[in-house]
Amino acid sequence: MKNPQLRLVAALLFPIVVLATNTWMYQQQRSAGETFKFPIEGFDPRDLLSGHYLFYKVDYGVPSANACPTSDIAAALCLRPEKRVYPADERPANCEIYVQGECDANSVFTAGLNRFYIPQGYASQLEAKIADKKGEIEVSIDKRGNAAILDLLIDGKSWKETLQDE
Amino acid sequence: MTMIEKKLQVWEQQGLINGDQYEAILAFEQGDKQNNNWWLYSLLMLGSAIIGLGIISLIAANWVQIPDSIKLGVDFSCLLALAGVIFWYQHQTKHLISDTLIVAFILLCLASIGLIAQIYHINGRWYHAILLWSMITLPIVLFARHLFVHFLWVSLFINAAVWSSVDLAAGQLRTAMRELPAVLLLAPLLSASLYLLARRIALLHKTSSSFFFWFQISALIALVAIDLIRSGDDTQIFEWRWYLPAWITAALLIGLILSRRSYRPLNKGLLIAAIILLILYYHPDILFTGETRYTFSALDASARTSIWQADDIRAPILTIFILFLYTIHAGNSGYHRTFNLLTFLIGLRFVALYFQAMGGLAATGVGLILSGLMIIGIAWFWYSSRDRLQHWSKELTL
């Protein structure tokens with residue numbers, strides 16, 4: 001590209017196009033997937049919040065016999081027909097829907113869904129409700145195992161509605 | 001009357017310059033001063049940075065009330081509007097305003113990444129976000145004319161690149177402290193490699209001084225940190241996978257040094273030797289035994305191993321040797337300030353080595369007198385012999 005003006009236009013539009021594409025992909029992932037709900041709990045009630053992010057442990061409801069076979073591997077959690085964690089390259093063909101993730105150093109399955117952004121002002125209220133095991137996350141999972149968080153639910157309702165009701 | 005005017009008057013009175021030269025120098029210096037309004041640049045840059053932060057805060061503070069589509073819509077509208085203003089200002093001769101707008105634009109890009117991560121609850125790491133930001137903003141950063149813009153970009157990019165590389169090699173970073181030595185080793189090697197690459201590629205030339213700055217800072221931190229780890233008998237968890245990015249980068253750096261025409265064979269040898277020694281320094285088993293004579297704890301102040309086996313004696317010797325190799329390179333290449341700083345650091349490390357080697361003796365009255373004499377002696381030796389050393393290093397050729 002020899003024209004400096006065109007180069008400048010390209011340099012200015014490049015980040016905008018990348019960010020817009022990124023946003024569109026996340027939005028597609030949200031709308032194209034199947035919706036699941038998983039209960040959540042704080043793994044340390046004293047430190048559930050870090051800044052504006054709510055950290056929690058997701059309970060995928062996997063029976064202990066079907067949990068991570070080993071630690072520190074890329075894994076896939078099959079949700080149908082049977083809930084079971086497989087090494088990523090050993091996922092059976094009959095697995096209809098799955099979540100990509102990993103088995104961590106403690107052989108616990110994680111899929112990067114353990115963080116939810118909330119405003120600091122509502123932090124203590126939500127923290128208390130999640131400590132009472134009233135929390136769930138609503139997740140959209142597409143055919144390729146990509147999971148995206150849709151909402152944080154308290155007693156089955158969106159956290160925004162719950163806070164408005166109080 | 002300014003300092004330069006006073007000096008010029010003295011020089012004119014002494015007959016060193018004539019009246020015309022007096023006027024010409026004064027006009028030149030005053031013109032230069034007009035172009036050198038660093039305080040103004042700094043305030044404008046700071047102002048644009050605060051605007052960027054303000055935008056982030058504004059969006060964050062009203063997060064619940066604003067629907068996601070509105071937040072994203074306003075954000076992208078601001079990006080497009082700012083892009084339009086930058087395009088318009090590039091035709092003007094107001095380079096300072098144009099660069100300030102570029103800073104605001106790249107900060108808004110960073111804020112946008114944060115906003116998208118918040119809206120979609122992306123569970124990413126900070127260094128991945130900054131790496132993405134670095135990649136997408138590099139083209140516009142290359143249009144900036146002032147060093148500050150390049151320095152800002154390089155500072156964030158080098159951090160993100162180093163942490164991301166170690167994260168990739170380690171699988172996923174768990175506790176940053178375990179992998180920190182691998183990060184500290186990679187930082188100077190990557191900065192130096194990118195500096196040499198930036199010197200070669202005309203398009204990236206503007207970023208080279210920032211990479212060189214971070215090379216010097218990170219190299220010093222890497223050397224001090226590993227010296228403390230080895231001398232302090234700290235346990236270091238070593239997994240070769242964490243160090244793979246540093247070793248690959250070191251190979252690339254050695255290749256770049258060997259193919260650099262402006263370096264003489266002596267400089268190439270010195271730099272490659274320093275790199276190899278630094279790599280070996282970060283390996284706990286090759287040059288080190290895991291035993292120290294003394295610990296940092298006064299309660300345990302007893303010699304536990306022989307002086308030649310002790311890591312707290314080997315480590316400072318290695319530090320001094322690496323510093324010495326780079327000092328000779330700096331002196332040989334004519335980097336006076338770097339040369340002076342490095343010779344001073346060598347002297348300082350010698351004093352610390354004396355305390356490490358002598359241990360309890362230094363705590364006695366006679367020991368303290370000897371220590372004081374040694375510090376004065378080293379200071380005098382450094383002051384009197386640095387010029388000779390630099391002269392000698394300049395004469396060295398291979």
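The backbone N, Cα and C atoms fix where each Cβ goes, and this holds for glycine too.
TrEMBL lists B:11-146 with the feature domain 'DUF2157'.
Annotated transmembrane segment per TrEMBL: B:38-64 (among others), in sequence order.
Non-local neighbours of the transmembrane segment (B:70-89) in the same chain are 55, 59, 63, 97-98, 101-102, 104-105, 108-109, 111-112, 115-116, 119, 140; each lies 6+ residues outside the stretch with a CB under 8 Å from one of its CB atoms. TrEMBL lists B:70-89 (among others) with the feature transmembrane segment.
Feature annotation from TrEMBL assigns transmembrane segment to B:101-120 (among others). Sequence-distant contacts of the transmembrane segment (B:101-120) (same chain, six or more residues past either end, CB-CB distance under 8 Å): 45, 48-49, 51-53, 55-56, 59-60, 63, 68, 71-72, 75-76, 78-79, 82-83, 85-86, 89, 129-130, 132-133, 136-137, 140-141, 143-144, 148-149, 152-153.
Same-chain neighbours of the transmembrane segment (B:126-144): 86, 90, 98-99, 102-103, 105-106, 109-110, 113-114, 117, 150, 153, 156-157, 159-161, 163-164, 167, 203-204, 206-207, counting only residues six or more beyond its ends whose CB sits under 8 Å from a CB of the stretch. Sequence annotations record features per position, and here TrEMBL assigns transmembrane segment to B:126-144 (among others).
Away from its own ends, the transmembrane segment (B:151-170) comes close to residues 103, 106, 125, 127-131, 133-134, 137-138, 141, 179, 182-183, 186-187, 190-191, 194, 207, 210-211, 213-214, 218, 239, 241-245 of its chain (Cβ-Cβ under 8 Å, at least six residues beyond either end). TrEMBL lists B:151-170 (among others) with the feature transmembrane segment.
Taken from TrEMBL, the feature transmembrane segment applies to B:182-198 (among others). Through the fold, the transmembrane segment (B:182-198) approaches residues 158, 161-163, 165-166, 169-170, 176, 204-205, 207-208, 211-212, 214-215, 218-219, 221-222, 225-226, 242-243, 245-246, 249-250, 252-253, 256-257, 260, 275, 278-279, 282 of its own chain, all at least 6 residues removed from its boundaries and within a Cβ separation under 8 Å.
The transmembrane segment annotation in TrEMBL covers B:210-230 (among others).
What TrEMBL records for B:242-259 (among others) is transmembrane segment. Within the same chain, residues 165-166, 168-170, 179, 182, 185-186, 189-190, 192-193, 196-197, 268, 271-272, 275-276, 279, 282-283 sit at least 6 positions outside the transmembrane segment (B:242-259) and bring their C-beta atoms closer than 8 Å to a C-beta of that stretch.
Sequence-distant neighbours of the transmembrane segment (B:266-283) (same chain, 6+ residues past either end, Cβ-Cβ under 8 Å): 181-182, 185, 188-189, 222-223, 226, 230, 238, 243, 246-247, 250, 253-254, 257-258, 260, 315, 318, 321-322, 325-326, 328-329, 332-333, 396-398. Residues or ranges marked as transmembrane segment in TrEMBL: B:266-283 (among others).
Residues or ranges marked as transmembrane segment by TrEMBL: B:313-331 (among others).
Sequence annotations record features per position, and here TrEMBL assigns transmembrane segment to B:338-355 (among others).
According to TrEMBL, the transmembrane segment annotation covers B:361-383 (among others).
Residue counts for the domain 'DUF2157' (B:11-146) under DSSP, helix first, then strand, then coil, are 107 helix, 0 strand, 29 coil.
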